[in-house]
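Beneath this line is the structure, given in structure tokens, with notes to follow.
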Amino acid sequence: MSFASNATGFRIPLTTCVYPSPILRFNAKVGSGSSYGTTEAQRNMKCVDGIGRSRVVAVAASGRTRDSNPEVESEKMKEMIRWMFRDMDDGEVSVSAYDTAWVALVEDIGGSGGPQFPTSLDWISDNQLDDGSWGDRKFVLYDRILNTLACVVALTTWKLHPHKCEKGLKFIRENIEKLDNEDEELMLVGFEVALPSLIDLAKKLGIEISDDSPCIKNIYAKRDSKLKEIPMDLLHKEPTSLLFSLEGMEGLDWEKLLTLRSEGSFLSSPSSTAYALQHTKDELCLDYLLKPVNKFNGGVPSTYPVDMFEHLWAVDRLQRLGISRYFQVEIGECLDYTFRYWTNEGISWARYTNIKDSDDTSMGFRLLRLHGYDISIDAFKAFEKGGEFWCMAGQMGHAVTGVYNLYRASQLMFPQEHILLDARNFSANFLHHKRLTNAIVDKWIISKDLPAEVGYALDVPFYASLPRLEARFFLEQYGGDDDVWIGKTLYRMLYVNSNTYLELAKLDYKHCQSVHQLEWKSMQKWYTDCNLGEFGLSEISLLLAYYIAASTAFEPEKSGERLPWATTIILVETIASQQLSNEQKREFVNEFENGSTINNRNGGRYKPRSRLVDVLINAITLVAQGRGISQQLSNAWQKWLKTWEGGGHQGEAEARLLIHTLHLSSGLDESSFSHPKYQQLLEVTSKVCHQLRLFQNRKVYDAQGCTSRLVTGTTFQTEAGMQELVKLVFPKTSDDMTSATKQSFFNIARSFYYTAYCHEGAIDSHIDKVLFEKIV
């Protein structure tokens, strides 16, 4: 383990400094945000990604603040995020020019002959880009061609803005042949059906769009093939994903279809619902469309509402970025909202959508179970068919992100939850294959680094994922407001993908890292002053012990837990590594017992003959300082020493010692130790840690540097033990202990799992990354 340097050339400081104190306090200091760029269509702050927004919301979406004082900026960003969560309703999502065009095509159902939604035509007029196209600021030709043709058709239908139409047509004619060169992974949902429908509409209006090129002929062929596969009888009988893309389809029985709408919409699709309104003049369809038209100043998103999607993914981003602790109230409200609409069939992207999908269900299940909600696994049964798990009925293929979220959810299984075991096996195999074939590209999102996200999940599973390690990697993987989603058109979720989240997370991480680096220097000073190197303890082991503690109890105010955790690991390793006879071990234990008894009685006048015993007693005294727990800590150490002397299960004894040390250090009353739940947690955790310590001595690694599977008999027991621990830790019960106390058991087990699971080289790189690499 090359701990002295990292990939960037930074050398870990080896100079001495203050003795490690179990109580170090630092004020939170965080830094500034970044600026936000708008497209030409958004000039003069008319809108942000097509949404009419106030300056406050625009800043909140972008992460830009004006103050240079880091602490003030940090608080402003936290307040922005709280405001964003309070503002969550049916979803802050960018406007789709394509869907807006279909809405604009609707003729007044009152019979005036004019447009039903004139403000939608205004939106189209106001949002043409300088090159003549309409669409997202990220240039994807599928998106620009579809949006532009739809807007030209809408404006031409109402004989408006011929110069804008001509400019749009010029863009289409110059670029449509280039579709042949586009990456098919970026093709929009239903593009091969939507584009021919628009071309046919354009022809009826006298708009000439060449359809005899090989490129367009190929798209028409795909359209014809897909339409032949659509079971028209099924389309009219029950809700399916086909309802999302009705626009342009012919031969529909609207009387039957209207029975399948939910809250006035067809699968929350404005364009599909607008097409239905054109043909039926249905009042419920009209009422549905008025909501987004009014909210977004004439424009409409490609999907609306997206409330479940927004609530869940926003919480997930805060958690993975390591800043969720600042927003516990807001997160609780989001999850209460989700739980209110949970069903045994799962959930969807919107609360009233009448078909469910495994992607939103997986994310909802994972977050609800993590936060103690009583949540059923029955929903996953609806998505399993023939050994595979599908996002929704009728799906033609698997999306990487959907399977990725299924994989993450499956890792929170309780014992005997076989459907989640099946889901984990399927999703893990699918994702491993995608990685091996370099095919981690998703059909739902264009994100900064999806392969790295999936890679981390495979290499460092939930049981091994230390909180600070996950945050450090996700800071590099999360694209903020540059991430864009793929639907019928490209779209953005302003409260899911936000530079405000990213900037606050970076600044928070930098502050935590600076605290950890100061503590690491003090640990080195303590190591030198105690001459621990003479007892065979290397600085590598010292660093690993501190890293494990700092990556778990990472918050600056938790130095009173980090330092006792690290020193306990270090002293256990140092003592256990001594080559002592049985008699020498007995003398060591006796001397500790005598020394700690005298010290506890008369204030520390006893000087033991063994320097290592002296180091141990002094460490206990420092941890106990000002807390009145010296005797309790000594008792905990005596139990571990007795196990060490007798050659008992070291991993189990170490876990018990570590748990008691952390709980005493954090102020937990010793009376809690006799709580039945505490005893149960202690028993399961200590056994799991013992099994992991045994496994650590005979693990086999794969090419990625982590064990590809836990394969020994002991390890199968470990997996069962971890499942039992998850069941004990995360659910909330009426006679329960605090969630923080229960979580600490899982944290200890996770630290053992991490060191057993990951290769030394991987751990080495993690240490450099978490503690020493600078955040850019």
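Quick reminder: no glycine exception, Cβ is built from N, Cα and C everywhere.
Taken from Swiss-Prot, the feature substrate binding site applies to Lys226, Lys443, supported by similarity to another entry. The DSSP secondary structure for Lys226 (substrate binding site) is helix.
For Asp357 (Mg(2+) binding site), the Cβ neighbour count at a 10 Å cut-off comes to 22, with all displayed protein chains included. The annotation Mg(2+) binding site is assigned in Swiss-Prot to Asp357, Asp359 on the grounds of similarity to another entry.
Look at Swiss-Prot and you will find 357-360 tagged as motif 'DXDD motif'. Tertiary neighbourhood of the motif 'DXDD motif' (357-360): same-chain residues 308-309, 312, 346-349, 380, 383, 389-392, 399, 401-402, 405-406, 444, selected by CB-CB distance under 8 Å and a gap of 6+ residues from either end.
What Swiss-Prot lists as transit peptide is 1-60, and the listing cites sequence analysis.
Cα of Asp359 (Mg(2+) binding site) to Cα of Lys226 (substrate binding site): a distance of 24 Å. The C-beta environment of Lys443 (substrate binding site), restricted to residues of the same chain at least 6 apart in sequence and closer than 8 Å, consists of Glu185, Met187, Val189, Gly397, Ala399, Val400, Ile486. Averaged across the motif 'DXDD motif' (357-360), the predicted model reaches a pLDDT of 97.
Put simply, Lys226 (substrate binding site) is 22 Å from Asp357 (Mg(2+) binding site) when counted between their Cα atoms. Neighbour list (Lys226 (substrate binding site), Cβ cut-off 8 Å, at least 6 residues apart, same chain): Glu192, Val193.
Note on Asp359 (Mg(2+) binding site): other Cβ atoms within 10 Å of its Cβ, all shown chains, come to 26.
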